[in-house]
Amino acid sequence: MEPPGGSLGPGRGTRDKKKGRSPDELPSAGGDGGKSKKFTLKRLMADELERFTSMRIKKEKEKPNSAHRNSSASYGDDPTAQSLQDVSDEQVLVLFEQMLLDMNLNEEKQQPLREKDIIIKREMVSQYLYTSKAGMSQKESSKSAMMYIQELRSGLRDMPLLSCLESLRVSLNNNPVSWVQTFGAEGLASLLDILKRLHDEKEETAGSYDSRNKHEIIRCLKAFMNNKFGIKTMLETEEGILLLVRAMDPAVPNMMIDAAKLLSALCILPQPEDMNERVLEAMTERAEMDEVERFQPLLDGLKSGTTIALKVGCLQLINALITPAEELDFRVHIRSELMRLGLHQVLQDLREIENEDMRVQLNVFDEQGEEDSYDLKGRLDDIRMEMDDFNEVFQILLNTVKDSKAEPHFLSILQHLLLVRNDYEARPQYYKLIEECISQIVLHKNGADPDFKCRHLQIEIEGLIDQMIDKTKVEKSEAKAAELEKKLDSELTARHELQVEMKKMESDFEQKLQDLQGEKDALHSEKQQIATEKQDLEAEVSQLTGEVAKLTKELEDAKKEMASLSAAAITVPPSVPSRAPVPPAPPLPGDSGTIIPPPPAPGDSTTPPPPPPPPPPPPPLPGGVCISSPPSLPGGTAISPPPPLSGDATIPPPPPLPEGVGIPSPSSLPGGTAIPPPPPLPGSARIPPPPPPLPGSAGIPPPPPPLPGEAGMPPPPPPLPGGPGIPPPPPFPGGPGIPPPPPGMGMPPPPPFGFGVPAAPVLPFGLTPKKLYKPEVQLRRPNWSKLVAEDLSQDCFWTKVKEDRFENNELFAKLTLTFSAQTKTSKAKKDQEGGEEKKSVQKKKVKELKVLDSKTAQNLSIFLGSFRMPYQEIKNVILEVNEAVLTESMIQNLIKQMPEPEQLKMLSELKDEYDDLAESEQFGVVMGTVPRLRPRLNAILFKLQFSEQVENIKPEIVSVTAACEELRKSESFSNLLEITLLVGNYMNAGSRNAGAFGFNISFLCKLRDTKSTDQKMTLLHFLAELCENDYPDVLKFPDELAHVEKASRVSAENLQKNLDQMKKQISDVERDVQNFPAATDEKDKFVEKMTSFVKDAQEQYNKLRMMHSNMETLYKELGEYFLFDPKKLSVEEFFMDLHNFRNMFLQAVKENQKRRETEEKMRRAKLAKEKAEKERLEKQQKREQLIDMNAEGDETGVMDSLLEALQSGAAFRRKRGPRQANRKAGCAVTSLLASELTKDDAMAAVPAKVSKNSETFPTILEEAKELVGRAS
């Protein structure tokens, strides 16, 4: 049957018009077809194409054998080839493109053919035209597209319909795209009508033709959709996808396999978007029609008993439905719905199948599920970062479940949480276990909801329980650590006590050693002096002995002479000669030089000659140095002269001086000098004059002060006010001269030679002037209290600082960038107000009283009612000082509620009326018999409170002592002060506070007052970040200053008051014990127990006093070290400043970390957004590589390519970046993105790090601007 031409399509009409025309007319027809019409050409055979292109085409077995019969034609016999010689190259290229289109080749296979030479292209077109003509001449062996349409509309059934569909499938596979286009939407509609009719009809037998016909229609649809035209036409139909979904019947496995593959291919199409959602809608509609779950057919196809190919096809469709979705919630929802239907159990069975295609699909499913699970955990991290307010999170949860089926379950969860056992240690364990369970339920590792229909929910809690056990062990270890810390504190206290005792013992021993050493030195000097005196006396005795012997001999000679003279006088008559005076004896050794005149002879009337003048004083040494007279012997005794000789003999005077030599007066000598005294006699006590100074010596030491009674040189007159002082004496001959006096003695140094301007002052202690910085711009200036060189001392901290070692250009550039602006910020102040609570006391009526007033009796009755003991037993407990019964509160209440002594005395007189008295007065009668009750109670109270007072005072002393030692020893804190000094001097450049040698420690708390340019950072935050990045060792100083916090709570004034109060109380108790009357009751142990207590308390107090003294000494030394006045700055204020700074520094570190996390989060969000967009474009491009539905032309083999990509898994590979290396369950917020995220964008955004030497301010400024831009 010949179909009409002209109305069925351009290809068919052209072929009908060319019917009966000769081959000579083909070129013109070809030319016209290239312009306005299109040839309907038959496909070339593979062996003929190979002759030109060396390319083979798949599926040769499906090609008709008639082509082989026509392939033997030679090119020389082809009249078309001869006629093409006259066709232009442009027309040949047009025919060539039409040939490629009719050959049903895709773009990849067309490209090599286009690269051929024009001669080869002309031959290919010629041969193609010839074979097409030969095929058209065989109308009896083939049907046209319209014939198939008419047959499909004729109502064929069963076997005839099956034969027609099989023939149609072959034609759709073998004919060119133009034939498919001719079949077009009309033919497709006919196929879909038959398929719908078959779906609606119920099969009576399993092997009926309906199932085979439906399967053959699906195969025809697959062939029809193997090109872009067919896919577009199929997608334009309303029920095409639904009919494919209805064809997924596990009872017909082969048909379900083909239908699932077609639907999978449609799901991954790039255009139109959301094709997977259209397929899901069709599956939902089919489920509503059949009243089953929409994924139930897929689950039935995956269950055991089906073929592996069906299982692979169903799992492939599941992957195709989930993977293309962009929204995480959508993917998790689909996967969760499948899990609820039992996919989890089915997957376990599928994993046991050894099949490569199955393994590919399982890997795709698992990988996508794991990635979605990581995305969920990443979302949890974002929730933890952004939603940290309890009320806000609860309100959001309540709004999500309100008025829904989940609301009662949410309420039940909250109610169950109220049943958690209220135990301090157990409650956190409960919540940790609940959190882990919820985490595993919500964040399932396969990225889906759990199977709610299954009774068994597998939650891995063994590891969590092990962690809880380990945590319990850790808590026990922490408790032990706390206990050990207490022991450490006690050991530290004991160490300080021992140190104080040791220092006291050392000082006592040193004092004793000094005393003994002084006594030893005194005895040694006395011994040496006695030895010297002994030697002098022995020499003197030996000399006197010699003189006595000599005089004795002279006396003997004189006696002999007198005897001879007497004998001569007897013989010679006497005469009266003039008697010459006997010369005086020479002075004895050791005498003062005064010559004792001899006694006058009897009868001599002449006056004895005057004694010689005393020897002149020794001449003064040059420079006014004089030698004092020798001191007398110890005890003020002098060497007594020898006894006078026996008889009337006199010692002759010394011989006269040489002639012409006289003793001039001191004033007559030039220069006022006196004649040097004669050398002393042997044994003289005078001190020899000092030797002259050696050449080059520094001078002669000043003379000792003159002894009392001696005449010495008068002191020089004091210098006039403002005068230059006493000029130095001239130098000795040959000597270098006497150096000028040191500074401060009133003599300014001489000006430099040739100039009158004074030189720069020399800094003390080896200090060097501080470097003066000149920033490029003016910075915000820290307002510190500057310390100048005159404020420093030799051993203070600021004389040893070397802040220059922290200096670098990068630091100054950051300072300039951060603190260049000058903006004023206001600081809000918050006032705290506290409320007062009032207590009301109810009053009770009491019985009539005789001595006590009602209020006193009432208070005493209340006290006695709370303390249930007989009155006599209370008395005995007080007498015995029984500390096992007595408590501090009891004694305090007794002292407070006890009646006055006068009232007790009056009550004691009413002891005969004891039974008639009220209970409070009965108690007063009993207690009135205790002697000195109130002092006794005060002493007992002090005894009970003494241990507590010691335990309160001692830790405070130890804390301050340890804090002082830690500050002196902390190297990291010293480095922080040096860095702060460097930064402050740089920022204060050009101001009055520049060039500081140090600063007041209190300035540390003011670091946060200096704001950055953008008001987002303070100087404290800058220093914290600087230390964190460049000097991490400085961050250890909070740990090194462990006792600063405790020391900040210590009030030195209160500590002193407590010690003074303790001393007073000990003295009062000691006085009371001494003045206490003798005990009249055998149970009275007050004196006995208090005596030993006073002794122990005194020892404890002395120890505390020494520790307190040591603490004050250390704090005073700390003040000298850091240059502050300990009297003006109390211990509490100083350590409170340090404690506040320590906390502020730690807070600044945390805030810097949080700021970096926020910046990182913003950067991650930006990168994630860019990455998501990039992934979307890459995904779109990859899917377009499979098929571009918007491109021009009719590409063929599309369905084959899609199915091949689905089978290999290439269609499912989402390039979303590795997450395992970057995200883990419960990961910290500060974790960075994967290296893939930062490889492209972050490396381009963040400039490369340059060396510190080459880093300049503009580079830092650019980085900061870029950082601010990314943050905003």
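Numbers here mean position along the shown chain, with the first residue as 1.
Cβ coordinates are placed from backbone N, Cα and C, and glycine is handled just like the others.
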Swiss-Prot annotation, phosphoserine - which of SER141, SER592, SER697, SER1251: SER1251
Record feature phosphoserine (Swiss-Prot), assigned residue among SER28, SER36, SER74, SER826: SER36
Candidate set THR607, THR768, residue annotated phosphothreonine in Swiss-Prot: THR768
Of the residues SER7, SER66, SER605, the one that Swiss-Prot lists under phosphoserine: SER7
Annotated residue, phosphoserine, per Swiss-Prot; candidates SER137, SER668, SER1254: SER1254
C-alpha spacing of LYS1103 (N6-acetyllysine) relative to LYS1057 (N6-acetyllysine), in angstrom: 16
Rounded inter-Cα distance in Å - THR768 (phosphothreonine), LYS1103 (N6-acetyllysine): 45
Rounded distance in angstrom between the Cα atoms of LYS1103 (N6-acetyllysine) and TYR1121 (phosphotyrosine): 27
Neighbour-count leader, CB within 10 A, modified residues: LYS1057, LYS1103: LYS1103
Secondary structure of LYS1057 (N6-acetyllysine) (DSSP, helix/strand/coil): helix
Reduced DSSP assignment, THR768 (phosphothreonine): coil
Tertiary neighbours of TYR1121 (phosphotyrosine) (same chain, Cβ under 8 Å, six or more apart): ASP795, CYS796, PHE797, ARG968
